[in-house]
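Asks: What follows is a single structure, and I will ask about it in a moment.
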Amino acid sequence: MATGGLAKWVGAVQAFGHPSWSYVIKLRHGHVTMIERGFYELCGGENWNMLHELPGDNGLLEMWESRESMLESWSPGDGHSWAMAWAGWRAARETMQRRQYVNEPTFSCWSQSELGENGWHVHIIIGGPGLTRQNAAISRSILCTSFFKHLLITIRQRTHAPYTVLSRDELNAWNWLQKIAQRVMRGDMDDIVDILKCRKANGTLVAQAINGTEFITRYMLPKNRKVANTVLTRHTTPEQSYDSTWGKTYGFAVCNGETVSEFTRKDLWKVLYNIYTAHPAENMLNSNPSVWGDLPRVSANRIDADDAEARSRPIKLSRKQKIMAEVIQRATDGLLLTYNDLVVHLSDLMLMLEGMPGGSKTAEQLLTMIHIKLCAKYNAYEFMLMKTPATQNMNPGAPHYDCQGNLVFKLLNLQGYNPWQVGHWLVMMLSKKTGKRNSTLFYGPASTGKTNLAKAICHAVGLYGCVNHNNKQFPFNDAPNKMILWWEECIMTTDYVEAAKCVLGGTHVRVDVKHKDSRELPQIPVLLSSNHDVYTVVGGNATFGVHAAPLKERITQMNFMKQLPNTFGEITPGMISNWLSHCAHIHQEHLSLEGFAIKWDVQSVGNSFPLQTLCPGHSQNWTFSENGVCWHCGGFIQPTPESDTDSDGDPDPDGAVAGDSDTSANSESTVSFSSNDSGLGSVTSSAPSVPDRAEEIEEIPSECLEWMREEVDRLSAHDINSLAHQATGFILDPIPEEPEERERDLAREDAEPEASTSHTPATKRARVEEGEPWDGTQPITEGDWIDFESRQKRRRLEREEKGGEDEDMEVQESDPSAWGEKLGIVEKPGEEPIVLYCFETLPESDEEGDSDKENKTHTV
């Protein structure tokens, strides 16, 4: 039973040393109700069942007297609450002995055990000489170690008594305490013991000195008693010390080596409260409590939020920290991505920062912070629109698109790709919407525009990194905190192929960084440009093809096979921004893999990107770029023949050229292309645009024929194959004739050889021979390309030889005198001409006597 009068306790609390320090030792457990009985009995408690039999608010008023008598004769504070409070006081005494270097230290101590939601804890308030701000925080380890030492000593004294057998609950509690004590002995006690702290102006936390008397009065005393989770506070708190307005609870309290009486606790609080916390204004308000009767009720959440807001204080930054925060803010607003940008645009702040200790290292850290902040906020396409805004306005209602000299359209048309389709795919890839196909490869020989296009895209984005495959240990050293990755002249080796597959597929992976820990690399779009076979992995002197299939599933390949002229020019970031922004605007409803397949009528996007399919009347020739670009196929719209002028005459209002009577007279064979229908073009004529006979080509003006021949000679086999379906008379061959008609034409040519040379023969249409790989794809590897060129050269030689033999036959048939030279008969001077007799079979109806009339003589 607790002892001591009220006056003694008032004097003990008032005599508390100043300054004082408040410590908390925590014994955490996730399930308190499962272990509290074993912990109670392990510490010597013997009345667990009696605690649950104490009467409470059950209406049995006649039992109140028996409850008070029971509390007088037995204190329910025995067991773990009692053991923890006394262990706290003994630990405080041992700590002050070491600080004052005496066996009987002079100090004041209040030790109080309490039960919380996640376990038990002990408040220890210590005041006295030897404990200062410098060593108060360090003393936590001494106090915690001593506390568990005395707690375990108390338990061992009870368990080592004769005839003591531990129950299962007690064994569980003992194992739990042993684990906590072992952590303390190892020094791992950061979440076990703590001291009340405050934050200084520079942001550091230091031990906070308190007034022990006021702290005990305001915080430690106004609490009801609770020793177990399953027992109400009303059961274990005496009537004179119980207050229903107190929401806090305690278990047991010790002050200066004596037990604080639970019967005089409320009286002690009243006396100390009137001395240290009472205010004249409070007395005035307490005299008229009805003033607060009509106030609205405020929820506990609102009160907690207000308290948290009141406790929050603005963090005071140092001068260096303010400069760093200003640099990050300005660099983020101005999109400054490199150290050079910071020096040029924030020279004053960088000068101040470099003048401080460690300024260069701080600048690198600031750049990393800026990159992390931008990458977390934008993707590559969104950031490109901010870094390199579009400078060209687009009119979707126009019949055609005005590219205004954008070299991207010239390059992609030359290489056989639709600029709108390629731009649609790149916008999706930069927006991270292409799934596993997270990378695009520009493949082909040198000087075909691969690097030109990849470099312009990366510079338009701005925040890009490069892959250095020469450094085989850290190839992706520059990849973290970037929006797009550029791999120039990509080569795959066994050293980094596995990491490369993760990066190319957009998988989150950690990559090694030189002189630093590994960094996480989230999904980042990758652009590759190479003239090597990136699907063949090289390891030492061996090559492996097992990685080809996984790599092709991650890479979308575009083949650039036509070399560019030296005067092609450089693609600028502004061209890329205009092109991609217009592509995104046109296809804004199809920016997904499903939308891409529906828009371009493809089953799926494989490793080989689809080639361009031109609309009728549209060309890949940059000469026609001034007429605009088709909204659908991306080709250049050709001019109409009516707009062409002859060098010898001026155009008339009807579209015929003055001075060319043949063209103006025959209007049935006129072919014209209109620029309406959103730039798709249409063929309009009064008669079929394809002539019915080969000789009808003579009606087309000679200037048009020359231009057609030049265009046919310039076009490659692949270009003509892709244009074979177009219904234009200057590209297609004449319609095949019937055998009878063809024989009559040949007979007419034999009879009148001079007529065959009066007009220019129709140009032959280049054809793609059977077996050539131009079936919608292009040569992939360098070996395929060499085989293709050798087959082309062999077939060209065969056609030339065949064409030479045909010409010789024509010459021989047109000049009969060549027969004599072929037979070796040469006319010599002074000799008579040699007469050759040629005999022919006579019809059966002729008479034999007239056979000599059928002989023909030819003089050589």
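Using N, Cα and C of the backbone, Cβ positions are placed for all residues, glycine too.
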Asks: Pick from 91-95, 201-205, 226-230, 581-585: which stretch is listed in Swiss-Prot under region 'Ori-binding'?
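Replies: It is 201-205 that Swiss-Prot describes as region 'Ori-binding'.
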Asks: Which residue range, 85-89, 250-254, 350-354, 380-384, is the one Swiss-Prot calls motif 'RCR-3'?
Replies: 85-89
Asks: In sequence order, what residues of the same chain, 6+ apart, have a Cβ less than 8 Å from the Cβ of Gly444 (ATP binding site)?
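Replies: In sequence order, the residues whose Cβ lies under 8 Å from that of Gly444 (ATP binding site) (at least 6 apart) are Gln415, Lys450, Asn531, Asn559, Phe560, Met561.
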Asks: Just to verify a number: CA distance, Tyr219 (active site, for nuclease activity) to Ala446 (ATP binding site), in angstrom, no decimals.
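Replies: Tyr219 (active site, for nuclease activity) to Ala446 (ATP binding site), Cα-Cα distance: 81 Å.
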Asks: Tell me the Cβ neighbour count for Ser447 (ATP binding site), meaning other Cβ atoms within 10 Å of its Cβ, over all protein chains shown.
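Replies: The answer is 15.
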Asks: Given the model, what does the mean pLDDT over the region 'Ori-binding' (201-205) come out as?
Replies: 82
Asks: For Pro445, Gly449, listed as binding-site residues, tell me which one has the smallest number of other Cβ atoms within 10 Å.
Replies: Pro445
Asks: What kind of secondary structure is Thr448 (ATP binding site) part of, going by DSSP in three states?
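Replies: DSSP assigns Thr448 (ATP binding site) to coil.
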Asks: Sequence gap of 6 or more, Cβ distance under 8 Å: name the residues on the same chain that satisfy this around Ala446 (ATP binding site), in order along the sequence.
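Replies: Residues satisfying the criterion: Asn531, Gln563.
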